[in-house]
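Have a look at the structure below before the remarks.
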Amino acid sequence: MSGLAYLDLPAARLARGEVALPGSKSISNRVLLLAALAEGSTEITGLLDSDDTRVMLAALRQLGVSVGEVADGCVTIEGVARFPIEQAELFLGNAGTAFRPLTAALALMGGDYRLSGVPRMHERPIGDLVDALRQFGAGIEYLGQAGYPPLRIGGGSIRVDGPVRVEGSVSSQFLTALLMAAPVLARRSGQDITIEVVGELISKPYIEITLNLMARFGVSVRRDGWRAFTIARDAAYRGPGRMAIEGDASTASYFLALGAIGGGPVRVTGVGEDSIQGDVAFAATLAAMGADVRYGPGWIETRGVRVAEGGRLKAFDADFNLIPDAAMTAATLALYADGPCRLRNIGSWRVKETDRIHAMHTELEKLGAGVQSGADWLEVAPPAPGGWRDAHIGTWDDHRMAMCFSLAAFGPAAVRILDPGCVSKTFPDYFDVYAGLLAARD
């Protein structure tokens, strides 16, 4: 798939089968950093093999962490109290789950570092995190536009003077980065560290993932709802010995959607009713749209209508603040709804791998949908009968755009996905697995 300029999707009618999900990106990169900061050795299984995890692994090795060879999703990491290499230039691609947490960890440890990424990474805001780290006395310099990467870290005087405040309305990754790095400073300073959230915290389920994983590495965070989080002065990460990564719930959304529009059943394994990921709630969205959703320990299964034969999903008007990544799948499913669909509270889309509101608006219109959008919302009216149009779908160097629009193959238009290799960010084999679930139109 890598290197292909485009992929013409075969017209699809039915979808059925079972998919073993790749490891969660959000969990994988968090666990890699926590294992590096923890005392002892951690064997990680089920690790996602993707661009973003390779970026994190390469950065940890460059910082002097002992990282074993990755084989079949397994890797062993020897933790360090602080990174042995105190001067380095790190290239972190477009991996926000690597860039933000590493920025915080490096700033609070001390040293001299330069962090950069691809051009889009340099358009993704980081100013709120930098402002919070500067409250600890961290020396951080913008090497380009203020508020954005690339960054130079070093030269500060780290201290704890009281609670640190961080804006919560732009990205939950800023709070995640501070939480994960705070035990390093709490232990060294001998002081409790309190992080206070300013504004309305978005994407709260991702903070739940962070807190859950920190606890598995021995650090329990005291909290006052979503307003304040305190890390005790004696907090210390300890490797759990062995850590299994659960499947990616955001990736599950595409396959569960296939079951909802292709009849099904489609079952995903690796996530289930006991998942720590908020995006499993997307299954409830599918149920609200009329799909039959079933859960078990470590699996979710969907059955639904056959949209290629005239079946329709129920239209929706919903707040997707808690599941912004899976919400993109809902936007493409709106092509098959029985009326206009509205996605609200998705402002975080603007600062993801691309401006996802603009990108989704543009590509859905190509297929004949009626689309309106605003700062934090998107409304999609399905194409009228006879109104579908053949389309070359731009993916905007965004893995989720490519995977979402694979669902368009169930409509009556010819669909070409441009740059399908962008799925390598999280799921290099996506289109092969997708094809295995489809039955071509008669």
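Note: Cβ is positioned from N, Cα and C throughout, glycine not excepted.
What you see is a predicted model, and the numbers here were worked out from it, not measured in a lab.
Annotation comment: Swiss-Prot describes LYS25, GLY96, ARG124, GLN173, ARG356, ARG400, LYS425 as phosphoenolpyruvate binding site, evidence class sequence analysis. DSSP assigns GLN173 (phosphoenolpyruvate binding site) to a helical segment in the three-state reduction. Residue density at GLN173 (phosphoenolpyruvate binding site): 26 other Cβ atoms are found within 10 A of its Cβ, drawing on all protein chains shown.
Per Swiss-Prot, 3-phosphoshikimate binding site is recorded for LYS25, SER26, ARG30, SER171, SER172, GLN173, SER203, ASP325, LYS352, and the stated evidence type is sequence analysis. Less than 8 angstroms from the CB of ARG30 (3-phosphoshikimate binding site) sit THR97, PRO101, THR176, MET180, ILE209, THR210, LEU213, each of them six or more residues away in the same chain.
Taking the Cβ of ASP325 (active site, proton acceptor) as reference, residues of its chain lying under 8 Å away and at least six apart in sequence are, in sequence order, SER250, SER253, ASP279, ARG400. The annotation active site, proton acceptor is assigned in Swiss-Prot to ASP325.
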Most distant Cα pair in Å, residues LYS25, SER26, ARG30, SER171, SER172, GLN173, SER203, ASP325, LYS352 binding 3-phosphoshikimate: 18
C-alpha spacing of LYS425 (phosphoenolpyruvate binding site) relative to LYS352 (3-phosphoshikimate binding site), in angstrom: 13
Three-class DSSP secondary structure - LYS25 (phosphoenolpyruvate binding site): helix
Residues that sit under 8 angstroms from ARG356 (phosphoenolpyruvate binding site) by C-beta distance, when 6+ apart in the chain: MET328, ILE346, TRP349, ARG350, ASP398, ARG400, MET401
